[in-house]
Amino acid sequence: MFYKIAQSIMFQMDPERAHNLAIGSLKRTANTPMTAFYAQCIAPKPVTCMGIIFPNPVGLAAGLDKDGEAIDAFHAMGFGHVEVGTVTPRPQPGNDLPRLFRLKPAKGIINRMGFNNKGVDNLVANLKAKKTDILVGVNIGKNKDTPVEEGKNDYLICMDKVYPHAAYIAVNISSPNTPGLRTLQYGDLLDDLLSSLKAKQTELAEQHGKYVPIALKIAPDLTDEEIASIATSLIKNQFDAAIATNTTLSRDGVSGLANANETGGLSGKPLTELSTKVIKKLAAELKGEIPIIGVGGINSSQDALAKFDAGATLVQIYSGFIYQGPKLIKDIVASYSAK
């Protein structure tokens with residue numbers, strides 16, 4: 001009830017202003033009696049993925065809390081994990097405004113944010129400051145002004161800094177809003193990046209005395225051959241998980257709607273079937289050797305179950321969470337527990 005009232009107010013506002021207001025409010029109310037407005041008790045349904053025991057299979061996808069400012073508030077809502085980021089070595093403003101658009105009739109969102117964030121050092125400070133024990137994955141990327149061929153160094157810098165504080169690390173090479181980034185998903189560039197990250201993980205595990213898994217986040221706009229090639233590279237380089245998928249450049253199902261022609265990645269309900277299809281294909285290629293975290297267009301518990309059936313071990317929500325509120329977490333966990 002409270003969420004529906006808050007949503008009706010937020011949906012009258014500019015999307016990015018509403019987003020910033022929401023994160024600010026959650027940051028201020030976390031670990032105070034005010035959490036009563038959004039906290040909920042969810043019966044545990046533990047799931048093991050990447051060698052980690054998650055309290056339930058529903059996580060918050062990267063992009064909502066880029067700088068890790070409201071982690072404890074999302075814990076109160078019952079998320080099994082939170083993925084913060086995408087974070088880059090240096091702070092950057094992202095793309096010009098406006099850059100976030102609602103497609104309300106389709107329950108979709110288009111964004112061209114461009115990895116706006118306050119930098120990895122700021123994120124690390126926020127990770128150190130969190131008061132709950134929620135599992136936090138950190139999604140890392142490259143700065144816009146770093147040439148693609150030197151992008152690997154940005155990932156290694158971020159990995160080095162977040163490693164002691166992360167439950168797992170997600171490598172984002174699939175955002176459509178950083179020029180050239182998606183080229184890292186192919187061929188020798190991908191193999192070189194993954195092998196370098198794996199070597200860095202081995203070095204950091206020894207240095208810190210703990211193993212932090214690494215996952216690769218991929219795009220939905222891939223051919224079957226490209227998915228097969230990525231799967232081969234993930235297995236070869238002994239990655240710990242794949243996250244499928246990021247936003248799509250496709251506009252299937254939204255043509256003619258207001259904002260549909262805006263540049264950027266489309267998320268939400270229009271992405272549901274495409275991301276599930278990619279998960280199914282990826283699962284067939286990985287053959288159970290590497291787990292998949294399913295994300296993209298989960299707007300109901302049925303959508304989440306379809307992701308699990310396609311081969312996902314965990315799921316994450318973002319756009320569906322904006323449209324449905326915290327109740328979606330509870331619904332998915334209940335349906336998962338009953339299956």
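Using the three backbone atoms N, Cα and C, a Cβ is placed for every residue, glycine included.
Feature annotation from Swiss-Prot assigns active site, nucleophile to S175. Spatially close to S175 (active site, nucleophile) yet at least six residues away along the chain are T86, F115, G141, L181, R182, N246, T247, G265, judged by Cβ distances under 8 angstroms.
According to Swiss-Prot, the FMN binding site annotation covers A62, G63, L64, D65, K66, T86, N139, N172, K217, T245, G268, G297, Y318, S319, on the basis of sequence analysis. In sequence order, A62, G85, T86, N139, I140, G141, L181, K217, N246 are the residues of the chain that are 6 or more apart from N172 (substrate binding site) and have a CB within less than 8 Å of its CB. DSSP assigns N172 (substrate binding site) to a strand in the three-state reduction.
Here Swiss-Prot flags K66, N111, R112, M113, G114, F115, N172, N177, N246, T247 as substrate binding site, drawing on sequence analysis. Taken residue by residue with DSSP, K66 (FMN binding site) is part of neither helix nor strand, so it is coil.
All chains included, 25 other C-beta atoms sit within 10 angstroms of the C-beta of G268 (FMN binding site). Here the Cα atom of L64 (FMN binding site) is found 13 Å from that of R112 (substrate binding site). Using a 10 Å radius centred on the Cβ of K217 (FMN binding site) and all shown protein chains, the other Cβ atoms total 27. Ranked by how many other Cβ atoms sit within 10 Å of their Cβ, the binding-site residues K66, G114, N139, N246 place G114 at the bottom.
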